[in-house]
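Student: Once you've had a glance at the structure underneath, I'll fire off some questions.
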Amino acid sequence: MRRIKKSIMTCCCISILFMGGCWDRIDIEDMGLACGVGVDYQESSAKRLTPEFTIQFVVPKVLAGENGGGGSQAEPFQNLTMDESSLFEAGREASTVTSRSPNYAHLKVLVISKEAAQSINLLQLLNFFFRDHEIRRTVHVLISEEKASEILSIKGTKDPVPALKLLSITENMEKKTAKMPPILSLGDFSEKMSASSSFLVQKVQKFKEGVQIIGAAVIKGNTQKMIGELNEDETFGINCITGEAKAGAVTGVDKETDKIISYEIDRLKSSIKSKVNGEDISYTVNINTEGRLSEDWIPKSDAFNEKFIRNAEKQVEREFMRLMEAGLAKTQKELKVDVAGFGESLRINQPKVWKKVKKNWEERFPEASIDINVKVKIRQFQTQGRKMNK
Amino acid sequence: MNSSNEKITFIQATVVLTMTIIGVGIVTLPRVSAEEVQTPDIWISMILGGGISIVVAFFITKLCLQFKGMTIYQFSPILVGKWAGFVFNLFIIMYFILVAGYQARSMAEVLRAYLLDKTPIEVVIIVYIAVGVYIVISGIYSIVKLLQIYFPVVLVFILLMLALSITNVDFNNLRPVLGGGFIPVLKGIKPTTLSLAGIESYLILMAYMHQSKKAMKAAAVGIFIALFLYILIVIAVIGALTVDEVRLLTWPTLELVKSIEMKVLLLERFESFFIILWVITTFTSFIMNFHFASLGLSQVFKKAYKPFVYGLIPFVYLCAMYPEDINGVFKLGGYIGNMAIVVAGIIPILLLIIAFIRRKRNAKN
């Protein structure tokens with residue numbers, strides 16, 4: 001009996017040696033979960049441009065204790081700003097000041113300041129993010145008007161962690177508004193860059209006490225730098241051309257009464273058709289949208305009357321045209337970039353022509369003529385059709 | 001071992017071939033072929049590659065049918081003489097050892113890159129080989145049964161991965177079809193055909209098959225399943241990441257898996273599941289190749305099987321550790337591809353021609 005006991009004991013003791021766990025275990029309490037990072041441009045005397053790297057950690061303890069009376073004034077997040085010649089090194093240097101080294105596996109948002117995006121080649125600047133195995137391709141990228149570290153320290157009242165708040169706002173594009181370009185993930189960023197095509201990035205700026213994501217930053221594919229920005233109208237126009245404006249409001253003005261009519265997009269479809277005639281490349285863009293009448297200020301409006309609806313559609317169409325023309329004027333004529341997928345349409349439908357013009361596409365693109373046709377269909381006018389009885 | 005009266009059935013033969021083919025290719029194929037083709041038409045190259053594989057399978061089964069119940073190790077000396085046969089066999093054995101080492105190393109590299117950052121790669125490989133030996137030592141029938149168990153798991157995991165990534169796929173990235181003409185497609189045939197290497201296993205496997213006459217059919221079905229899964233993977237990866245992007249990534253398929261994010265299903269970090277799939281798929285190819293190498297040695301030297309399994313451990317380990325870095329691993333993959341052309345293509349066709357001439361001569365006499 002004793003012998004058996006002894007042998008069991010020995011077995012247990014020996015097995016402890018082998019059951020220490022794997023080399024790579026990190027206890028979850030010891031992880032510094034980075035949920036947002038910001039990149040700024042540091043003006044310094046050094047020979048090289050030095051980026052400034054801000055890491056935002058969540059502090060789960062404070063988040064969990066939120067409903068515990070609110071006695072402590074501790075923030076649920078912690079920002080760390082480092083400046084080093086490479087972002088990776090800056091991330092490592094963070095380990096000299098925080099007990100929990102950053103882990104990027106749950107990174108959600110990357111904010112790049114406008115200054116940095118304009119002065120540093122983004123392909124170089126973001127290499128660390130593309131390369132690191134912890135960072136996912138789904139991280140949302142934003143460009144900020146102010147310094148990224150500043151944007152990341154503005155905390156929301158409903159969402160106490162700034163990075164997570166930004167994340168939720170970016171997602172509104174799909175359901176509520178088209179005044180910002182579609183979400184651009186780190187993966188999309190890399191895909192666009194690898195094809196050296198130009199694209200739009202959501203832009204964040206300070207708004208009163210909080211932040212606002214509105215308009216777009218334009219990144220030029222050839223130079224891999226930010227070269228300009230679109231305001232909300234231009235962004236909306238481009239979103240319509242690409243067919244990404246799946247939701248959002250358009251407010252037209254009635255010609256007769258000079259009062260506003262608001263239309264809400266339910267569905268929007270766009271098709272870009274290319275036509276090649278010798279050296280000339282021309283496009284026809286057809287937009288078909290269905291939606292609802294959400295608001296009008298015309299005193300004698302009568303949605304039960306088909307004529308009124310048709311007229312409203314006309315006015316909204318006019319507004320659509322204005323937005324898209326504004327978007328095209330800015331991107332095609334002024335900034336001379338193709339962010340609405342015109343080159344993509346050529347690549348798919350006319351691969352032979354595309355092969356020829358691919359190299360200097362953005363020099364050719366401003367000369368292309370673009371026709372736009374819009375068809376608005378008001379499907380419903382909701383609960384009240386008339387303001388006053390006649 | 002030959003004393004066992006067990007035989008491999010038709011379904012088992014199919015499963016074994018599929019599982020031998022599907023291996024490292026699931027993560028490397030998209031980049032390697034995108035590098036060559038540079039247009040989204042890789043799937044067309046895949047289909048052509050599948051056609052070539054089936055032709056090769058035809059030759060191999062034709063050859064083996066002439067020597068029923070014998071592996072290539074046994075019949076090549078009969079066919080081309082003792083010494084030439086010995087050289088052929090040694091070359092084939094070397095090929096199998098290299099493939100086994102390559103599978104082990106690739107598996108460990110991916111594991112290191114995505115999961116076990118600090119664990120020494122040597123440890124991962126040693127553990128992997130140890131588990132492999134455990135199954136290889138018990139012979140072909142146990143291996144086949146293990147593959148039969150794994151097969152549905154692999155199938156479900158691959159299909160699940162593809163289903164989850166479907167929202168990321170933009171079919172515009174796969175267009176235009178044949179936009180660059182047919183030449184890029186032809187360029188892609190070599191890497192895609194090589195990704196389907198594994199048919200050489202029939203050189204040995206057919207000796208143990210119950211109905212070796214149906215071998216051609218089993219081979220065709222096996223190749224077809226593997227081809228189908230590979231084409232789906234390529235379409236998903238190219239559709240989600242674009243050709244230009246795929247060429248930049250070390251492990252494109254893993255990047256696709258990493259971009260899966262399903263808020264509805266509360267599913268993130270699907271790559272942890274993918275790693276399971278990855279280890280299983282490489283493991284099945286690994287044990288098959290390991291087994292073929294040790295069986296080859298035992299039949300060439302006409303000695304017992306088990307000592308050769310143990311004896312091969314250091315060689316497989318050395319092959320696995322030979323590449324210095326990740327580029328070395330890819331290079332080794334390239335060499336193995338070229339060797340596969342010899343083992344699966346040139347040697348069987350050569351032997352078949354010799355067998356044909358001999359039979360003619362015998363008929364005359």
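Glycine is no exception: its Cβ is also placed from the backbone N, Cα and C atoms.
Pasting the feature list from TrEMBL:
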TRANSMEM  B:9-30  transmembrane segment
TRANSMEM  B:42-65  transmembrane segment
TRANSMEM  B:86-104  transmembrane segment
TRANSMEM  B:124-144  transmembrane segment
TRANSMEM  B:149-169  transmembrane segment
TRANSMEM  B:189-208  transmembrane segment
TRANSMEM  B:220-243  transmembrane segment
TRANSMEM  B:272-292  transmembrane segment
TRANSMEM  B:304-323  transmembrane segment
TRANSMEM  B:335-357  transmembrane segment
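Each of the listed features needs to be described in terms of its position in the shown structure.
Tutor: Away from its own ends, the transmembrane segment (B:9-30) comes close to residues 42, 102-103, 106-107, 110, 144-145, 147-148, 150-151, 154, 158, 191-192, 195-199, 201-202, 205, 209-211, 214-215, 217-219, 221-223, 225-226, 229-230, 233-234, 237-238, 246, 251-254, 278, 281-282, 284-286, 288-289, 330, 333 of its chain (Cβ-Cβ under 8 Å, at least six residues beyond either end).
If you look at the transmembrane segment (B:124-144), the same-chain residues 6 or more away from its ends with a CB under 8 A from one of its CBs are 1, 4, 6, 8, 12, 15-16, 100, 104-105, 107-108, 111-112, 116, 205, 208, 283, 286-288, 290-291, 294-295, 305-306, 309-310, 313, 316-317, 320-321.
A Cβ distance under 8 Å defines the sequence-distant neighbours of the transmembrane segment (B:149-169), meaning residues of its chain 6+ beyond its ends; these are 15, 18-19, 22, 26, 229, 232-233, 235-236, 239-240, 256-257, 259-260, 262, 267, 270, 273-274, 276-277, 280-281, 284.
Within its own chain, the transmembrane segment (B:189-208) is flanked in space by residues 7-8, 13, 16-17, 20-21, 23, 25, 29, 32-33, 35-36, 42, 45-46, 48-50, 52-53, 56-57, 60-61, 63-65, 68-74, 92, 95, 140-141, 215, 219, 223, 226-227, 230, 285, 288, 292, 295-296, 337, 340-341, 343-344, 348, which lie at least six positions past its ends and keep a Cβ under 8 Å from the stretch.
For the transmembrane segment (B:304-323), same-chain residues at least 6 beyond its ends with a Cβ under 8 Å from one of its own Cβ atoms are 1, 97-98, 100-102, 104-105, 108, 122, 125-126, 129, 133, 136-137, 139, 290, 293-295, 297-298, 329, 331-332.
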Student: Per the definition of 3+ C-beta pairs under 8 A with sequence separation of 6 or more, do the transmembrane segment (B:42-65) and the transmembrane segment (B:272-292) touch?
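Tutor: No, these stretches are not in contact.
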Student: Report, as numbers and ranges, which residues of the same chain sit near the transmembrane segment (B:86-104): CB under 8 Å and 6 or more residues beyond its ends.
Tutor: 23-24, 72-73, 76-77, 80, 125, 128-129, 132, 200, 203, 282-283, 285-286, 289-290, 292-293, 296-297, 300, 312, 315-320, 322, 329, 332-333, 335-336, 339-340, 342-343, 347
